[in-house]
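Since the structure comes first, as structure tokens, the remarks are kept for the end.
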């Protein structure tokens, strides 16, 4: 089978357009193209949308650059007096939406100055640049200036899915056949007897279409909900004098938005204040060169990204009035790339469809030949009646229905159903899937490269130890703070508070109760809380100081610096960051009296000893330093000559359940590697506590790793379990080597802007939902909403469940296909009649297609999934174990149905006039119950105990129960339409008994050994022995 599916191989991430087109061409037999390809990317629409997007980008680029340049050559002209529109004036505003949009879009500095600059615009928008807008004015602002929402395609109604389901070509042919059958039937048998056959087919079609449409509609609703979740972005704003987080959709014109590295600019606006703000406008204009934003170039655009620095933005234009709003319409055109499983199952459906088509044609030909031979033997070959025409129509209907059953249209759609179900469940488990293929790929993950802070730890940080003025202190509460204040020189306290409060990217505000509220990262918050415990007067520390320059923290620099002008003249630089890096920048230290003294070699060694002690206690260590200068040329922040103020030890406890989750990964054949920017001793202590670092594992620093040759890397990478003080480039190098050299399937976590290349380059990029920047989230395949490592393990569990569930469904459907095709074909060849009618086959098709997918493709994962190896790349999708089960069950079903078909009357003692109808009903009933019990059997392809967890899967139980109930209704009450007759309780018991024998047959089959046809690697290349697989896992 795998050799026949070569055309249906696509990469799970960023597949080439050639591969996508290749498999589409290879799909030849499709009953319903509209439905089959609904969840498949429309390459034509996508290319058209790409052309439109580039056109819009080009227009924006011209507006941004050409118009900006042209404005410099326009001579000063007298500005006409501006009058806002009447609606804005009545609401109390001094400027209207069009004027605001023209200022920003045109980079019109003259018009901005004419309105009084940023302060004048703020006055006209009735906003205080310090306190933000007043909440009660939000509805008015939304009415005048619009909502920050973009045009969305309206959701498809239920009737659209009904219409789509009716485009199935075989169902259309059956409807025509039913109409012909009804017409001929009325002419020959009269009303109402003549309509039963045709009406039975129409009712079956109605049921199939309804169930199909309901299933598809529910899937579309789930995907729509998930799309909404993907677009949720929250930003920091100031309103009513307080800082708060709001959704970008709730932003209004006049809002004050706080921007930092990695943020997406949520609306068009004007720069208020900030430091070193560098904006990436490539998503909007296509230009790769980032743009500096400052007082003289103050315009910011929605959809651009903050590459460096920080700042505050006054929102001036929102929603579809922004350039980004116009561009957004083209971004989702063409749909998302299909997943490898969807493509592969399209291939399986095509191959089986061709076989089914051959069987259908042969069955029709054999039935027709039998009919003609019988007529010839009766010497009435030239005598044709409407009854003969009716017989040929029924033969044709049976042949078409065989195609309906044989072409497993539900295979690729079952993947969509399973993915929709899994994504909804994962959302409840705090994982938001951005790309469908990530769900599947996570089931093959062999390695997880995880961050430490916030993922393995709680990210709730508290300063617990400090080393200040050459003394080590433990911070345990208010009493220890008071002792610290009494024992520390005033000068040292003053310098410490300045280092804490001046050199921070966080903001300290007041909540509605007047208490301090810190908006910022957990590390910054821990430092500020420590500073506030020493002195509650945060604002007082800034009197007389003026910030000259800020260099924000980044994972490359591993430090943050600020330059301030002092009230008494001169300038002072503050620096904080990774302890070893800051210590190397220092040549002085505060002594016991709080005075700067030279930093001797012995003192350096002593400070390093303190840092190591803190780190070995799993504390995150930071150093804070300062440097005084008489003057500063070009406002550059120095890189040396600092005075060390304090060494801080911050406690960040390991999350509950992480150690167990790591052990689960190891048991599942998934190696966990910690990649962190923290001190190596802190990293090792946390890694040991989590169970990541073992005795035979290696902990290495990023600098040592990047200095190794390719040969040395190849030797050391399998043993690496911890990488500390790593740069984003180190993470990317590690991921690339694991994937390309060691053929691993790698999942990587990341939260920073610089993590984007590693997230994009990994098989599965996992961005943090709380600590992660928007740039990181956009590069990721899955967003971990609670930043918890345990959630990552749940994603892996669901990835495996999806793959196994689809395998179960394929095994079940192929068994039904084989049995239905062969029994009808053999019976037609031997006796000239088909035991299963068109209506019955349509019901069987629904059992194995929509209902089967619903039952088997939506089963939740179980713990046993994480006690087996990962699903290897290149592994045959239909395994030998599956073929064993399919062939074994098919042989059993064909044997019992064949015996019933050819010798059933004698065995069952049927001698009445309706013996044939009773026998055919028993065959149909037995066949259906064989599928019901085989559905239960298919819950596990290897284990004998197939009931484990069954009663916890309510969908499975509902489908099984519904199937049995409908089967009873069809047999007992719909005989005229379904060509059945009511059965005695003995024949019911016989049908159920024969069907239930599928269970012991399945158990016996599972004891037949089969070689697992894995292409596999003999060694995992990750330091662990390969896990056992196959029947021994039962």
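Cβ coordinates are placed from backbone N, Cα and C, and glycine is handled just like the others.
Annotated domain 'Cation-transporting P-type ATPase N-terminal' per TrEMBL: 112-186, in sequence order.
Taken from TrEMBL, the feature transmembrane segment covers 165-188 (among others).
Proximity of distant same-chain residues to the transmembrane segment (194-214), defined by a Cβ-Cβ separation under 8 Å and at least 6 residues beyond the stretch ends, is recorded for 35, 158, 161-162, 164-166, 171, 174-175, 177-188, 390, 394, 397, 838-839, 842-843, 845-846, 849-851, 974, 976-979. Under the heading transmembrane segment, TrEMBL lists 194-214 (among others).
Here the transmembrane segment (351-373) has Cβ contacts under 8 Å with residues 1, 4-5, 28-30, 381, 388, 391-392, 395-396, 398-400, 402-403, 405-408, 814, 817, 821, 824-825, 828-829, 832-834 of the same chain, all six or more residues outside its ends. Residues or ranges marked as transmembrane segment by TrEMBL: 351-373 (among others).
If you look up TrEMBL, you'll see 393-422 (among others) marked as transmembrane segment.
Under the heading transmembrane segment, TrEMBL lists 814-834 (among others).
Long-range contacts of the transmembrane segment (840-858) within the same chain: residues 174, 201, 204-205, 207-208, 211-212, 215, 398, 401-402, 404-405, 408-410, 413-415, 417-418, 421, 805-806, 808-809, 812-813, 816-817, 820, 824, 924, 927-928, 931-932, 935, 938-939, 953, 955-956, 959-960, 962-963, 966, 970, 978-980, each at least 6 residues beyond the stretch ends and with a Cβ under 8 Å from a Cβ of the stretch. If you look up TrEMBL, you'll see 840-858 (among others) marked as transmembrane segment.
A Cβ distance under 8 Å defines the sequence-distant neighbours of the transmembrane segment (951-975), meaning residues of its chain 6+ beyond its ends; these are 200, 843, 847, 851-852, 854-856, 858-860, 921, 924-925, 928-929, 932, 935-936, 939, 981-983. The feature transmembrane segment is assigned by TrEMBL to 951-975 (among others).
Summarising the annotation, TrEMBL assigns transmembrane segment to 987-1008 (among others).
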Tally of residues which DSSP labels helix, strand or coil - the domain 'Cation-transporting P-type ATPase N-terminal' (112-186):
48 helix, 3 strand, 24 coil
What residues elsewhere in the chain lie close to the transmembrane segment (814-834), defined as a C-beta under 8 angstroms and at least 6 residues from its ends?
352, 355-356, 359, 362-363, 366-367, 370-371, 374, 398, 402, 405-406, 408, 841, 844, 847-848, 852, 878, 885-886, 889-890, 893-894, 897-898, 901-902, 927, 930-931, 934, 938
On the 0 to 100 pLDDT scale, where does the domain 'Cation-transporting P-type ATPase N-terminal' (112-186) sit on average?
84
